[in-house]
Amino acid sequence: MRSFFLLLAVIGVGLGAVIEMPLTKITTLREKLIRQGKWQEYSKHQKASRASGSQTINDYQDITYVSTITLGTPAQTFTVALDTGSANLWVVDSTCNSPGCTSTVASYTRNKYQASASSTYSNDGRSWSINYGIGTFSGTLAVDKFCVAGICYNTQIFGRATAVEESFQTQPFDGTFGLAWPALAVDAVQPPFQNIMPSLDAPLFTFWFDKKGPVNGGVGGLVTYGALDTKNCQINTLKYAPLTAQTYWMFGTTGVSAGSFSSNSMLRAIADTASSLIIGPGGQINSIGGAVGATYNSTYGLWLIPCSGANTLPAVTFTINTPAPTPFPIPASEYVIDVGLGNGQCALAFYSIDSTGFGPAWVLGDPWIRTYCNVFDVGNKRVGFAVANH
C-alpha cells in the first residue's frame, strides 16, 4: 500500500487547497449478519418497515467506506460515512440513550458529540429526522466549527442524533457526512462541502476505491477534495456525464448488458459512495443474474454464484450519456463478492429495488467506483468517470 495513504494531506495549490483523506474499509452490516446467521430475521424486519413507510435510496447496512472529520472547539473527532446519496451531516450525541447509540463492535468505541465541551457550540433550535428505510435517525440541529484535514467552516449546521435505529450499534462509525446537493438536505441545511468549497482549489471532489478484499478496518481508498486524483485515476480516460437533476448525483443511461442480455432502456442512475452494491430494477437485475448463470436466493435476497466466476464471467456494461452514449464495463472481478457464505459460494453485487416517482432507477455503488474513479464536479454540474489504477 502506498505510504502517502498514512498521512492526511492539505496541499496548497494556487489560492485554494487540495485535501487528500484516506478511506477506511469496514465490513457491511449485511455481511456481518450473514456470517452470524442473523440476516433472515433482520431482513424480515427490514421488509416490514419498508412496507409501512416511504422508500429511500440509502440504507446504511451496505456502507463500506468511512473517514474522519472534527466538530467543535477543542476539536472532537468523528468517524463518518461519506455519502453522495444524502446531503446532511449528523453524528451521535452524548445525550442519546437509545440502544443503537452505543457501539457493540469490540474494536470500536463510539464517539459522541458533547455540546458542553465545545466553546463554539450554539443551538439551532430545530429538530431533524432522516428515514433510512429500516428506521429513523433523529435529534436536534446544532451549529459548531466543522473541519476536514485542517480546512474549517466555523458555523456548520449539523444534526445531533439523540435517537437512532437499534442495529446501528453494530456499525463502527459515528454518523454520516452527506455529499449530495443542497436541494436534498433535510431542513434546507447547507451541506458541509458547499461551505468549505470556497477554500478549495476547485469546486469538486474525487473518490477512488481500492480493489475489494476481506480486510476490515484497513485503508480502502482515497477522497480528494478540491482536485482530480492524478495518482490513482487515469485522467486521460475521464469522461463527464451532465447531471439530470441537482439533488442526487444523477445522470442518464441508455442501456445495460451482460452476456446474452441487453437492454436499451433510458433510465436515470446515481453514483453512490455509501452503497456496497449496485441497485437496479428487478426485471433487469433478474436478467443479468440469469445471463451470468447465477441462482437467486430468497433468504439473502441475493444472486449466488461460485466464487470462481470472478475470473470467467462476462462484464456487466452500462452505457452512459457523456453526453454521447459511452460503454463502461464492470468486470466480474468487481461484481462477484464474498459475503461470508462459505463453501466457495459468492454473490453478485446486484440488488433489486424498483424505483418510484422521480428517483433513480440505478444506484451505482462500490463495484462501479472501484472500477472507475468518480469525480463529483459541483462547479460544472456534472459527474466524471475515469479508469481506476490498482
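Note: Cβ is positioned from N, Cα and C throughout, glycine not excepted.
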Scan Cys307, Cys373 and flag the one TrEMBL records as disulfide-linked to Cys346.
-> Cys307
Listed recorded positions Asp272, Cys307, Cys346; those within 10 A of Asp83 (active site), CA to CA, turn out to be Asp272
Looking only at Asp83, Asp272, which of these active-site residues has the biggest number of Cβ atoms within 10 Å around its Cβ?
-> Asp272
Using Cα coordinates, what distance in whole Å links Cys346 (disulfide bond) and Asp272 (active site)?
-> 22
Counting Cβ neighbours within 10 Å across all chains shown, tell me which of the disulfide-bonded residues Cys307, Cys346 comes out on top.
-> Cys346
Between Asp272 (active site) and Cys307 (disulfide bond), how far is it from one CA atom to the other, in Å?
-> 25
